[in-house]
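Database features, via Swiss-Prot:
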- Tyr49: active site, proton donor (ACT_SITE)
- 10-21, Asp44, 161-162, Ser210, Leu212, 214-215, 262-265, Arg268, 271-272: NADP(+) binding site (BINDING)
- Ser3: phosphoserine (MOD_RES)
- Ser37: phosphoserine (MOD_RES)
- Lys126: N6-succinyllysine (MOD_RES)
- Lys126: N6-acetyllysine (MOD_RES)
- Lys144: N6-succinyllysine (MOD_RES)
- Ser210: phosphoserine (MOD_RES)
- Lys79: site 'Lowers pKa of active site Tyr' (SITE)
Amino acid sequence: MASCVLLHTGQKMPLIGLGTWKSNPGQVKAAIKYALSVGYRHIDCAAVYGNEIEIGEALKENVGPGKAVPREELFVTSKLWNTKHHPEDVEAALRKTLADLQLEYLDLYLMHWPYAFERGDNPFPKNDDGTIRYDSTHYKETWKALEALVAKGLVKALGLSNFNSRQIDDILSVASVRPAVLQVECHPYLAQNELIAHCQARGLEVTAYSPLGSSDRAWRHPDEPVLLEEPVVLALAEKHGRSPAQILLRWQVQRKVVCIPKSITPSRILQNIQVFDFTFSPEEMKQLDALNKHWRYIVPMITVDGKSVPRDAGHPLYPFNDPY
């Protein structure tokens, strides 16, 4: 069993979870079943990933009374998509996720991004020129609607994803249910030290997405640095008899940062949770800390006039224009 962090709600959140972004239907069900069989007790989902129905099939077969895993031992996260920020749309969006996942409640529900897209069922509403159609709903209004889900017992904890420090404080200024978790891209090239400190001072735990550098994403640039080929990481892997991925994950869990590596390959799913039986010295941690160069891999891109441009960078609530 992976060790945990304790949320301010009293919930235990396992430090390693299975990520499901880019896990295709047809593959994700077997991946979840295998992950549960080798001790994973944390699954990270999102409505926009388009695979919650199949994840739900895996959960129905393996979780609950008389099944391999009791429901109360499993920590399931999902995320509210940008088209569902309007307060009138929030509960219905959650209920669809619960129905798809075949669950009665979520352990954690995150606002996926701070800004809202145009309301409706097309997840990426676009103008004729390829740019996104936005909605003016502010995340503080969305947060109030999310709080009602906790009161109804549909969600145990709320959190944020891709919010910067200023936006987190903005939520805290209006929250009666305080966010418990911030989920952001985080790895040695983007260590997020300031943001993590900011969260810890305010009672939020941090989850790292793309903790291995997300080399399989669509808008990858051919000459960008490859985290899994970083010499410092390879040297530590050789020294400890571990894989490069295990080195990257151990660094995070030793910092008490939750990780959600995505894999559909059984050998890698198993490897990714085997990071609790070795430890880095302070010097080894410093070697990995020194790799930080504020390199962000995950910036959603769109094609406008034949050019690839950041999808949302012009939006006033875009989170990544701030230092952290």
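Each residue, glycine too, has its Cβ placed from N, Cα and C.
Values in this document were obtained by computation on a predicted structure and should not be read as measured data.
Structure coloured by features recorded in Swiss-Prot.
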| residue | record | Cβ contacts under 8 Å, 6 or more apart |
| --- | --- | --- |
| Ser3 | phosphoserine | Pro14, Leu15, Val253, Phe276 |
| Gly10 | NADP(+) binding site | none |
| Leu18 | NADP(+) binding site | Ala31, Ile32, Ala35, Tyr40, His42, Ile43, Asp44, Ile260, Pro261, Lys262, Ser263, Ile269 |
| Ser37 | phosphoserine | Ala68 |
| Tyr49 | active site, proton donor | Thr20, Trp21, Lys22, Ser23 |
| Lys126 | N6-succinyllysine | Ile132, Arg133, Ile302 |
| Leu212 | NADP(+) binding site | His187, Leu227, Leu228, Ala245, Leu248, Leu249, Pro261 |
| Gln271 | NADP(+) binding site | Ser243, Ala245, Gln246 |
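In this structure, Lys144 is the one among the recorded positions Lys79, Lys144 with the smallest number of other Cβ atoms inside 10 Å of its Cβ. Each residue contributes its Cα atom, and for Lys79 (site 'Lowers pKa of active site Tyr') and Lys144 (N6-succinyllysine) those atoms are 16 Å apart. Cα spacing between Lys144 (N6-succinyllysine) and Ser210 (phosphoserine): 29 Å, rounded to the nearest whole number.
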